[in-house]
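Per Swiss-Prot, these features apply:
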- Asp17, His18, Gly19, Lys20, Ser21, Thr22, Asn134, Lys135, Ile136, Asp137: GTP binding site (BINDING)
- 5-187: domain 'tr-type G' (DOMAIN)
Amino acid sequence: MLNPENIRNFCIVAHIDHGKSTLSDRLIEKTKIIDERYHRNQMTDDMDIERERGITIKSHAVRIPYTAKDGKNYVLNFVDTPGHVDFSYEVSRAIASCEGAILIVDATQGVESQTLSNMYLALEHDLEILPVINKIDLPAADIDAAKHQIDHDLGLDSDAAVAVSAKTGENIDALFEAIITTFPPPKGSRDNPLQALIFDCHYDPYRGVVVHVRVFEGMIKPGMTIRFMNTGGEYKVEETGTFVLDLVKQDSLQAGEVGYIIAGIKTVSDVGVGDTITDAAAPCKAPLSGFKEVKPVVFSSVYPTDTNDYEELRESFEKLKLNDASLTWEKDSSLALGHGFRCGFLGLLHLEIVQERLEREFDQSVIFTAPSVRYKLTMRTGEEIICDNPADYPDEGLIASAEEPYIKATLITPTNYLGNVMSLCMEKRGVQTNMTYLDEKRVEMTYEMPLAEVLFDFYDRLKSISRGYASFDYEVIETRPTDLAKIDILINGKPVDALAQLAYKPSAYDKARLVCEKLKDEIPRQQFKIPIQGAIGSQIIARETISALRKDVLAKCYGGDITRKRKLLEKQKEGKKRMKMIGDVELPQSAFLAVLKTKED
């Protein structure tokens, strides 16, 4: 029987690209839980997208054995977490299942914005924090500066920081010993009533839902009937086990352990991430506190390219939702694109990942409309409505006022790029609320700005103007009054509802012009002239024209009378006019994608 005193549960958190997954690889490699032949980079990242982009999207739990220098055998359960701000909810879920957190600081970059936000997240859950300085093998590494920042910026004890190289494995032994001494063993007893937190789940096509749990009190074993305290569902446990990269069957899970349960759960909606599991026969008194439910901030409509694939797309979303608890979707329809779904995402990266997963894992060909945020509208009647879809936007005359969501953005930038970063924030309607010099080379700034402005190209432009050195983290704070307008896009005089966008009125002209220019490049030429117009209400504010393809009707006239030529040209003109009246323009999928990527180049 495993003694809880010999268990350590911790997660690995850091800013993007500071080396979380590489450190996980070294921890796994050092304990030799898998054969050297099967070693590869990013062992904890399962998805092809994660490997290709070199990012972590899903948190991944791993259990490794370790024999300490004092001869005792320990079991370490750790969770490798994502670094991107879009997936910070994954980090909060991992943190809720641990007693400690390894906070990695890159020796070449120092403390960045998500280093701070992840530390605050860990402190909120009373986690013990172990600072680790990574990438000490690089020529540009400055360990003393990193230690100073850990002391000064994070307020942690820099003497306790372990300097390692996750790439070469240097100093990994010292890190293992620090994990044992720094992190406390889990509390709880196997004799108490069962209390376990669901911190994740995934779908297995053969066995149903695999629930990831951290047992706080009591024990779970096959044959027991368990109850989900939030939803009230009861299930008989078929199998319990732990994660050693793959699922490894165990006889039971007891207080302090992290593992999985298979209980014949067939539908995704029955598993609430953050719910508490207890014994149906002897339930515990109260559920665990769980964690904040994640709210989507970016909305987009998704349509199948072929309208006959609607049912297949719905099934794909149901399966995707199981592995991605933060994705929300409901039915939607468009005159131009038929039936589809209105989806909520955590950010643009999340939207891109969902799009790629639909195409790769489920073989779906889909069209995404331009992303939008959730606006709060007050009607002249006094009624308040929430609108995230331009198609549902009421007539402007009926709206008394509109509010849009604002974010509190934390930016850390080298002083050389301070002017560039400030002018970008001002261009995006940001208002500076705080500015602190962390040291002579780095500045931390806080801005309040509309979420809609950050959606499109803010992150890309921030990275390019600061040569990749500035970092950015944000949280949604509140809604504030705004001057809102709906831009309709008309093609050949007909509005295309899927291309409509909601925008800040003073910048509506630029936005409409950009969309029209993009569409002009994407829509193939026809036999007749095609006007592309951007309009607010009945007022046209931008226009581009795709010129017609013309057959040379004068080719057969050699010399001859001008009236004969004129007659042929007039006849062609009449035919074109008639064609324009009945001609429909087919929009290629690339036209919708081009609108998604509308940027000031």
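Yeah, the Cβs are placed from backbone N, Cα and C, and that goes for glycine too.
Ser21 (GTP binding site) falls within a helix when secondary structure is assigned with DSSP. Of the listed binding-site residues, namely Ser21, Asn134, the sparsest Cβ surroundings within 10 Å are found at Ser21.
The binding-site residues Asp17, Ile136 differ in how many other CB atoms lie within 10 Å of their CB, and the one with the most is Ile136. Gly19 (GTP binding site) is surrounded by 24 other CB atoms, counting those within 10 A of its CB over all protein chains shown. The binding residues for GTP are recorded as Asp17, His18, Gly19, Lys20, Ser21, Thr22, Asn134, Lys135, Ile136, Asp137; their greatest pairwise CA distance is 17 Å.
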